[in-house]
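Undergrad: As annotated by Swiss-Prot, domain 'MIR 1' applies to 334-390, with the evidence given as sequence analysis. Taken from Swiss-Prot, the feature domain 'MIR 2' applies to 403-459. Feature annotation from Swiss-Prot assigns domain 'MIR 3' to 464-521. Swiss-Prot lists 98, 330, 445, 528, 583 with the feature N-linked glycosylation site, giving sequence analysis as the kind of evidence. The feature phosphoserine is assigned by Swiss-Prot to 41, with a large-scale study or a structure entry given as support. Residues or ranges marked as region 'Disordered' by Swiss-Prot: 1-23. Swiss-Prot lists 54-74, 100-120, 146-166, 191-211, 231-251, 283-303, 596-616, 643-663, 665-685, 700-720 with the feature transmembrane segment.
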């Protein structure tokens, strides 16, 4: 077995020797421990020369890296058609190549890297990525798949090095590497154009870097210490820049940093100036550096996506004015709203659209049978309204009348330009939202009643202020009922042309549903200005993009025929995801974890909680443990505790989320549970060997146990590998299927 054993570690020995970091520290700790163990017990084997140890360490690292790359790149070109979410992220890569603006609920880094990989590998961005099953034909897709597989391949060596540093045991690291190499789920996710391998790459890079800079704690401010601390910050920025799930690894690094600083603060051998330097270094590398890099990804994102595209409508009018090809780009319109102006009014909530009306009436039994008022996502003449004073029908555009600007607090009337009916509300209930009032178009040629009067208010402004196009955020308060004009976002039935419901809500709290801005503005009596002067600043568009992403994330709903899942399903491998194909004639790929690996991980979590609790209670009660048992216990509690914390932080928050969830959300947590399995079983087997030291075969318990786990994991991969690499022919329930007998749960659908 490898020399870095993890056995006999006293508490002080968990810290690497001065002047050594990373693999050097791991090997050195292993040699010192091995020497001490041999002195205590003549039955313990010697592990060979230092040169053999170094060669063995590098050979194992090379082996697990080679196996990881080989499994991830094997049959990477199959199937030659779109699989699962490649339709989204491949399309977004095309948008970057074409510089077309789009909207997504995730930060941009992952998609930018996919687009860059496609561009560098010769993909021209012309494939449509319309739906799963569409063949790539002559389009170059292998560069994007290869990039994702490349990053996914590094998960195994990263986990290997992390466990080696935490446990000082090559066998624990090797077992962890085998679990991830032979997991069909991790393999499947790594072979397609997806964000998951990119996200997991940065998560594992952050975890490894954090563990490495911890191991250099006896050489603070040295070059290796700065390198690993800075690399931790870079990796945190990468994880957050791909998905907001990166917040969980940020939390883990933050908790580790707080504990580290607390320990340093209590070290009376350090001056407060030195503690301050430690604090400053961590602020710079773990806060300032990640924030700067994260912000830079958005700067590049906005710079590259400069053309109008399918994402325009999710953003404010001022944001859209930045995009070439948008009707607001380089446009010139009057800056301040005046009576007589023809305007369009856009709701600030994502994907709600413009205030709209048409000649169709509400049907019988749906409030008053008056003209429908809705919101509509697209540009249309029926979005045009004329703003008038509430108490006069005179034409404000008459040259004899002076220009009068609309101000915050004015009482106004909105007349629909195409039908000459006024925006109107009353105490009739809205068509779809209970306790909200109906909004209609009412009157003839602009003549109606007092239910047509609205007070216009600018959010967070004083009375008398003028109203700016694009920039002013306004609300319309109904004068008679006191309700606020808004859109519920609910889709009307076919009688409403499946447009969105407009209501007047009696709840006056400011929400995006009830806040609007003026977009188009026509008034021949006013001078035009270029909208360039009204474009938002970078901090404003950065903030807006995050608000839109957060709202989009929370509002995600499952698509038709889509397999969603619950968090409790995930650790037990309850149900997978179809990546490709359904019928026996299709090329089928099914995302499912290797059940042997996943159920072993689940058992390991339970065993860790039990054994860790027993050890912690014994140590707290002052039990005198033999040196080797004490050292192994420290490895289990400290190293295992680190990865258990990672599993907890990457798993349990999903129970609190209201959005739709999918099986693949568990895979970052699965990486941590696999590392815990490696540390736990290596430690337990060593403890068993120590406890049975008087038995002649005790020396082989650890070796036999690790080999059994390695061989069992490899054999299970042999059985289940068609799930990842693809299968054609009878389904698993057919006795003729190569997967017959392997459908161990009825919920597995392959």
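Backbone N, Cα and C define each Cβ position, glycine as well.
Help me picture where these features are in the structure shown.
TA: Residues of the domain 'MIR 1' (334-390) grouped by DSSP class, helix first, strand second and coil last, total 3 helix, 28 strand, 26 coil.
When the domain 'MIR 3' (464-521) is classified with DSSP, helix, strand and coil residues number 6 helix, 27 strand, 25 coil.
Mapped onto three states, the DSSP output places residue 98 (N-linked glycosylation site) in helix. Around residue 98 (N-linked glycosylation site), the same-chain residues six or more apart in sequence whose CB sits under 8 Å from its CB are 125, 307, listed in sequence order.
Taken residue by residue with DSSP, residue 330 (N-linked glycosylation site) is part of neither helix nor strand, so it is coil.
In the three-state DSSP reading, residue 445 (N-linked glycosylation site) counts as coil.
Around residue 528 (N-linked glycosylation site), the same-chain residues six or more apart in sequence whose CB sits under 8 Å from its CB are 332, 333, 334, listed in sequence order.
In the structure as shown, the Cβ atom of residue 583 (N-linked glycosylation site) sits within 10 Å of 7 other Cβ atoms.
Beyond the ends of the transmembrane segment (146-166), by six or more residues, the same chain brings 4, 22-23, 25-26, 60-61, 64-65, 67-69, 72-73, 76, 113-114, 117, 121, 172-174, 176-177, 180-181, 186, 189-194, 197-198, 200-201, 204-205, 207-208, 211-212, 215, 635, 638-640, 642-643, 671, 674-675, 678-679 to within a C-beta distance below 8 angstroms of the stretch.
Outside the transmembrane segment (191-211) by six or more residues, the chain places 72, 76, 83-86, 89-90, 93, 106, 109-111, 113-114, 141, 144-145, 148-149, 151-152, 154-155, 158-159, 161-162, 165-166, 228-229, 231-232, 235-236, 238-239, 241-243, 245-246, 249, 252-253, 256, 579, 642, 646, 650, 664, 667-668, 671, 724 with a CB less than 8 A from a CB of the stretch.
Proximity of distant same-chain residues to the transmembrane segment (283-303), defined by a Cβ-Cβ separation under 8 Å and at least 6 residues beyond the stretch ends, is recorded for 107-109, 112, 226, 229-230, 232-234, 236-238, 240-241, 250, 253-254, 257, 322, 538, 541-542, 545.
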Undergrad: Could you measure between residue 583 (N-linked glycosylation site) and residue 330 (N-linked glycosylation site) for me? Cα positions, answer in whole angstrom.
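TA: Cα of residue 583 (N-linked glycosylation site) to Cα of residue 330 (N-linked glycosylation site) measures 52 Å after rounding.
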Undergrad: Any contact between the transmembrane segment (596-616) and the transmembrane segment (665-685)? By contact I mean 3+ C-beta pairs closer than 8 Å, pairs at least 6 apart along the chain.
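TA: Contact confirmed: at least 3 Cβ pairs fall under 8 Å.
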Undergrad: Compare 231-251, 643-663, 665-685, 700-720 by their Cβ pairs under 8 Å to the transmembrane segment (100-120) and return the stretch that comes out on top.
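TA: The stretch with the most close Cβ contacts to the transmembrane segment (100-120) is 231-251.
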Undergrad: Looking only at C-alpha atoms, tell me how far residue 445 (N-linked glycosylation site) is from residue 330 (N-linked glycosylation site), rounded to the nearest Å.
TA: 35
Undergrad: Any contact between the transmembrane segment (643-663) and the transmembrane segment (700-720), i.e. 3 or more CB pairs below 8 Å with pairs at least 6 residues apart?
TA: no
Undergrad: Could you tell me what the rest of the chain brings near the transmembrane segment (231-251), counting residues at least six beyond its ends with Cβ under 8 Å?
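TA: Contacts with the transmembrane segment (231-251): 106-110, 195, 198-199, 201-203, 205-207, 209-210, 213, 285-287, 289-294, 297, 549, 553, 646, 649-650, 653, 665, 668.
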Undergrad: Mean pLDDT over the domain 'MIR 3' (464-521): what is the value?
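TA: Per the prediction, mean pLDDT sits at 91 for the domain 'MIR 3' (464-521).
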